[in-house]
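Peer 1: Supplied in structure tokens, the structure appears directly below.
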Amino acid sequence: MAREMRLGGKERMKTGVVKIGLVAALGVVGLISAGGVYAGQPRVISTIQTGATWEPLGREEPLTVPEVHFRVKHSPFKSELVRYGQFQFNDAAWSLQGSYSCASCHYERGQTTGLIWDLGDEGWGSWKNTKYIRGGRYLPPFRHEGFTGHPDEIVGATSSLDRVCGRDPGFVFRSENFSPMRLEALICYIRALEFTGSPFRNADGSLTEAQKRGQKIFEDPKVGCLECHPGDPMDPRALFSDAQTHDVGTGRVGVNGFRSTPGKVFNISALEAGEDPYGVESNTPIIGLDLVKEFDTPTLRDIYASGTYFHDGGARTLMDTINNTVNDKDMHGRTSHLKQQELQDLVEYLKAL
């Protein structure tokens, strides 16, 4: 099944709306005729492959990059649409007072600043780590909580992107919603972002000796990494995720109640008094991520470049994700019995993915 976005007739863009600088930036000079951009008969400018309602794969089925997940077929405008999406991704004009763009957080073509944000969309105090979105089209859902499923939910008026980045002064302060064309172009650009590949392997792509030792630890059933992150490091299509949500001990509401080190919550009275609004520790959960214990299993591809880690950015380094200093003991892999050198070898293997 394919959904086609067409421009033409009543939907075509008039030349008076398009600024010369934007046209030049998009590389679409020459596509403009006397009637408008893409004037004349409707033309297919994007074809997105869709299917039945997306369902998480079973753990016995390693998740891999689909052979054909997204493609623009028989379209002379693919590159222009992606480049227009890149313009939108880096353009702050659509936000309130031009304060920031997508690239402000997902900089350098979809990578992450590693910063943690409290955007207030799920209750003050719901810290969220900036997600690494390269290769994101291969691995829904698109939020830490796993609330969105099908890859194409990210497209459309009720999509996760339009909802998460919607016309809401409590989130990214966008002054208006994206038009269908702008949203489609943005999605095409995001879908075009591929994994970078690890620079930590040998020159021929093979694993170093430390990485080989780390692989044995990673695949050891006693450690359990493969239970949630299945994949072969020599398979370029492997994603190292079971596409499920799990409780790895990072939620504030733990198995036996509150965690021993609950986070700081927003205090409006302190803010009004000119004090640090997050200066007070509290055992009282609030709406949003504080009431969630299970979070989406991320891909381990490009994991070296996607820190900080966990949904709240609680782990600054890869070592912090496995040495039981951030999450509850042995809830994120069973690593408490490993020696320091074994932990370091495991980190080296992760950096190779």
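Every residue, even glycine, has its Cβ placed from backbone N, Cα and C.
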Peer 1: If I go by Swiss-Prot, which of HIS311, HIS332 binds heme c 2 at the same site as CYS225, CYS228, HIS229?
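Peer 2: For heme c 2, Swiss-Prot names CYS225, CYS228, HIS229; of HIS311, HIS332, the listed one is HIS332.
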Peer 1: Given that Swiss-Prot assigns SER306, GLY307, THR308 to the Ca(2+) 2 site, pick the one from ASN129, ASN202 that the record assigns to that site as well.
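Peer 2: Between ASN129, ASN202, Swiss-Prot records just one in the Ca(2+) 2 site with SER306, GLY307, THR308, namely ASN129.
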Peer 1: Cα of HIS332 (heme c 2 binding site) to Cα of ASP296 (Ca(2+) 3 binding site): how many Å, rounded?
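Peer 2: So the alpha carbons of HIS332 (heme c 2 binding site) and ASP296 (Ca(2+) 3 binding site) sit roughly 13 Å from each other.
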Peer 1: Out of CYS105, CYS225, CYS228, HIS229, ASP296, which of these binding-site residues is nearest GLY307 (Ca(2+) 2 binding site) by C-alpha distance?
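Peer 2: Result for GLY307 (Ca(2+) 2 binding site): the nearest of the binding-site residues is CYS105.
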Peer 1: Let's check the environment of HIS106 (heme c 1 binding site): how many other CB atoms sit within 10 Å of its CB?
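Peer 2: Within a 10 Å radius of the Cβ of HIS106 (heme c 1 binding site) lie 21 other Cβ atoms.
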Peer 1: Rounded to a whole angstrom, what is the C-alpha distance between ASN129 (Ca(2+) 2 binding site) and CYS105 (heme c 1 binding site)?
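Peer 2: Cα of ASN129 (Ca(2+) 2 binding site) to Cα of CYS105 (heme c 1 binding site) measures 10 Å after rounding.
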Peer 1: Taking just the CA atoms, what is the gap between THR308 (Ca(2+) 2 binding site) and CYS225 (heme c 2 binding site) in Å?
Peer 2: 19
